[in-house]
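What follows is a single structure, written as structure tokens, with notes after it.
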Amino acid sequence: MSCPVIELAQQLIKRPSLSPNDEGCQALMIERLTAIGFTVEAMDFGDTQNFWAWRGTGKTLAFAGHTDVVPSGDESHWQHPPFEPIIRDGMLYGRGAADMKGSLAAMVIAAERFVAAHPNHQGRLAFLITSDEEASAVNGTVKVVDALMARNERLDYCLVGEPSSTHVVGDVVKNGRRGSITANLRIHGMQGHVAYPHLADNPVHRAAPALNELIATEWDRGNDFFPPTTMQIANIQAGTGSNNVIPGELFVQFNFRFSTELTDVLIQQRVAELLDRHQLNYTIDWKLSGQPFLTARGELVDAVVNAVKHYNEVTPELLTNGGTSDGRFIARMGAQVVELGPINATIHKVDECVSAADLQLLSRMYQRIMEQLIA
């Protein structure tokens, strides 16, 4: 298939950029962007490659994304090697095809076409690209945003190319995301022999009622923009592996995906009150991964909705569900942030794939968004 979007997507997929490694993906993008007049600034931190690129001045529309991918798993389960992209029955197969090298290719080709049609565009077109979104996300977008904010860079609109769609391209657009906070809880007891429980203090038994209450609690009811806050236990560990030893400690890790009805501070307070009420001897550490954010209807949302309607004749559903994305960092700059990308049915799975026609369509949507906001 001779199509610049598909050809670039295949070139990117061929590079096994397991997070946080980039494996030359960004160099490929930078070469294309500099050829059409972009200024590119490498902003590497630690083991992570990032770049910030821009062309023009004025109101800024940035396209954000990541070149890293998750591991492929057992490659023998794939119908075709994950880093040897192939098109079969109109589908482009390969690790990162949907998440999110297909989007990156669509963005770059959209920029090339936009600049060719509008060489003297009025606003500023920018790219914020990282190689660490799938793993720790410590040295990626968050560090670039910190650096840009420190020098008072302006960002008005940001389109994140995460795979947002469900059935057809653009049927779902993410105009916000829930916050995420994780608790690492340790319940302290006293180790002993299972035959002499009166000489020990079993932290599993002590914690069970509190954990049941954590699970049963309605944290909030959500609102017009966010579903209710959820709490899920992710890991539990106790014991020595022996069937005759009462454990001395219980480790429980649980995560909240929270709406704007709550704050991370309120969550921590409510959990502490619950644990104290059950008279547990515990220590707890919290890790905040991101605050919730929301982009209300405005110029960016309207431009995205218009582009999707124009090319796919569907009205996007604006949702805030799902996992976190780097949009949570970019929103700190005061920018309107929206996620629009391909269908997410196969992301992180064996035989990850995306419709080649969908990527072509997505690139046209991206171009139309550019034309509406900064032409």
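Cβ coordinates come from backbone N, Cα and C, glycine included.
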Further Zn(2+) 1 ligand in Swiss-Prot, beside ASP99, GLU162, within candidate set HIS66, HIS198, HIS205:
HIS66
Recorded Zn(2+) 2 site member, picked from GLU134, GLU299, GLU313, that accompanies ASP99, HIS348 in Swiss-Prot:
GLU134
Cα-Cα, whole number of Å: GLU133 (active site, proton acceptor) versus HIS66 (Zn(2+) 1 binding site)?
6
Taking the Cα atoms as reference points, how far is GLU162 (Zn(2+) 1 binding site) from HIS348 (Zn(2+) 2 binding site) in Å?
13
If you draw a 10 Å sphere around the Cβ of GLU133 (active site, proton acceptor), how many other Cβ atoms fall inside it, taking every protein chain shown into account?
26
Around the Zn(2+) 2 site formed by ASP99, GLU134, HIS348, which additional residues qualify by having Cβ within 8 Å of the site's Cβ center?
VAL69, VAL70, GLY96, MET100, ILE347
